[in-house]
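Trainee: Input: one structure, supplied below.
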Amino acid sequence: MSSIRIECVLRENCRCGESPVWEEASNSLLFVDIPAKKVCRWDSLSKHVQRVAVDAPVSSVALRQLGGYVATIGTKFCALNWEDQSVFVLATVDKDKTNNRFNDGKVDPAGRYFAGTMAEETAPAVLERHQGSLYSLFPDHNVKKYFDQVDISNGLDWSLDHKIFYYIDSLSYAVDAFDYDLHTGQISNRRSVYKMEKDEQIPDGMCIDAEGKLWVACYNGGRVIRLDPETGKRLQTVKLPVDKTTSCCFGGKDYSEMYVTCARDGMDAEGLLRQPDAGGIFKITGLGVKGIAPYSYAG
Ligand SMILES: O=C(O)[C@H](O)[C@@H](O)[C@H](O)[C@H](O)CO
Ligand SMILES: [Zn+2]
């Protein structure tokens, strides 16, 4: 058995770190700090961080086949040119909901960029309910809306055979699955595959591993959990030294390391003294399971 090691590799003091994405070509981890309106890229070899400021809360970032990145900024799907730090709007959603913003997003195996929205929070997990929707941006820049009535649109990923779409609406305290048609981007047959236990708190970001099991970051639960979506059972719990764990992805050599983001917002002074690495980037090694490479937006 390998032994698990957890290390804060970057004390970034993110207010709300999110959307970790491994970029193999640069040996880097991309992530965002949502309320700080920053997209960051941490070079795992030089340990150097680059930060690009944008003009609205940025909730997710993803790779783009044409080069550069895509990001969800405010209620806009955007292209982000890293070299000159310019942002180009590809599409806008929720135009009638001025208090909404995008939250978590990820690219599907066919290169569509999925992301959902939520009402802006007044405090972590405190917000006007049922205001969000789930969308995807097709490679031709058309937007498809899947459903509305979402509270906090969060973690998402696809099964290894691309036939299932996994999705988290945080305030449902569950992980859901849909049948997925990769050719059309349609989802159907929603069902729940895992119900959170009390001390696991709020389900947030999620990623799949190379064995088809799901890893869910537990906001306020200070842990990531590994779930078997077929049996609905939790297989493993990995605790971190911070409570507000927000998301996770695999990266590093052969995707054998896990990276976890977390938040500082919502912590009081005493909590911050106890958890000085809150808002940092954590690396977990020795899990004994690998992840898969992220997909790139095809438009
Ligand atoms: O990171 C996110 O997904 C949200 O934008 C955050 O605000 C918190 O995670 C949320 O409050 C917990 O549910
Ligand atoms: Zn999230």
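Cβ coordinates come from backbone N, Cα and C, glycine included.
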Trainee: Figure out which of GLU7, GLU12, GLU18 sits with ASN154, ASP204 in the divalent metal cation site per TrEMBL.
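Mentor: TrEMBL names GLU18 for this divalent metal cation site.
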Trainee: Need a hand: TrEMBL gives ARG101, ASN103 for substrate, which of GLU83, GLU121 is also on that list?
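Mentor: The candidate from GLU83, GLU121 that TrEMBL ties to substrate along with ARG101, ASN103 is GLU121.
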Trainee: Whole-number answer please: how many Å between the C-alpha atoms of ARG101 (substrate binding site) and ASN154 (divalent metal cation binding site)?
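Mentor: Checking the Cα atoms of ARG101 (substrate binding site) and ASN154 (divalent metal cation binding site) gives a distance of 12 Å.
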Trainee: For the binding-site residues GLU18, ARG101, GLU121, which residues place their CB under 6 A from an atom of ligand 2?
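Mentor: From GLU18, ARG101, GLU121, counting a Cβ under 6 Å from ligand 2 as near, the near ones are GLU18.
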Trainee: Other residues with Cβ within 8 Å of the Cβ centroid of ARG101, ASN103, GLU121 at the substrate site?
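Mentor: Those within range, site residues removed, are ILE34, PRO57, SER59, ASN100, PHE102, THR117, MET118, ALA119, GLU120, LEU127, ILE152.
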Trainee: Which are the residues of the chain, GLU18, ASN154, ASP204 excluded, whose CB is within 8 A of where the CB atoms of the divalent metal cation site average out, their centroid?
Mentor: SER19, ASN103, ASP104, ILE152, GLY155, ILE168, SER170, GLY205, ALA217, TYR219, THR246, SER247
Trainee: For the domain 'SMP-30/Gluconolactonase/LRE-like region' (16-263), report the average pLDDT of the model, please.
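Mentor: Over the domain 'SMP-30/Gluconolactonase/LRE-like region' (16-263), the predicted model scores a mean pLDDT of 98.
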